[in-house]
């Protein structure tokens, strides 16, 4: 079983913010595929997809970003998901708007959601799909990430949504992650 974690913050006031790109991606992928909503007491919206016997859970943690690791740990323990079968979708201020970067593993890069997942899982060995949201040096970081984006930025950030959905599909289908990194990191 695979686990795809879209990072974000719960609540309407965070809907169209840069920090909620993980939620947006999960919603986009689900809108194009048949899925089942699972009812569980885990502080997350949990969806299950089955492609050619490749079972996958997609989750949107409903804790705040900084506590995402709590939910991820509960899910992987309950479903016995291996660390190498986890893909976390996350915003990245160090990438230009809409730029994509796949990583096999790594640190948190200052991202508190990733930091909490690393702390709770006691490993950095999970895969990531980073989506660039850029950085505004004139605005405090928390305000920048948690303020709704304008239409132009939204379009830039999501310009590769079809490619993102293809990456997720390939991850679910067990395409070698090195091949995905080589194919997408240099082009998008």
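Cβ atoms are placed via backbone N, Cα and C, with glycine included.
For reference, Swiss-Prot has these:
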| type | residues | note |
| --- | --- | --- |
| ACT_SITE | 19 | active site, proton acceptor |
| BINDING | 14, 64, 66, 112 | tRNA binding site |
| SITE | 9 | site 'Discriminates between blocked and unblocked aminoacyl-tRNA' |
| SITE | 91 | site 'Stabilizes the basic form of H active site to accept a proton' |
Determine which residues of this chain, when 14, 64, 66, 112 are set aside, have a Cβ within 8 Å of the centroid of the tRNA site's Cβ atoms, and list them as they appear in the sequence.
-> 9, 19, 63, 65, 67, 68, 113
Determine the most Cβ-crowded residue among the binding-site residues 14, 64, using a 10 Å radius around each Cβ and all protein chains in the structure.
-> 14
Where the distance is taken from Cα to Cα, which of the recorded positions 9, 19, 91 turns out closest to residue 66 (tRNA binding site)?
-> 9
Across all protein chains in the structure, which of the recorded positions 9, 66, 112 has the highest Cβ count within 10 Å?
-> 9
With H, G and I counted as helix, E and B as strand and the rest as coil, say where DSSP puts residue 19 (active site, proton acceptor).
-> helix
Candidates 19, 64, 112 (recorded positions) passing the 10 Å Cα cutoff around residue 9 (site 'Discriminates between blocked and unblocked aminoacyl-tRNA') are 19, 64
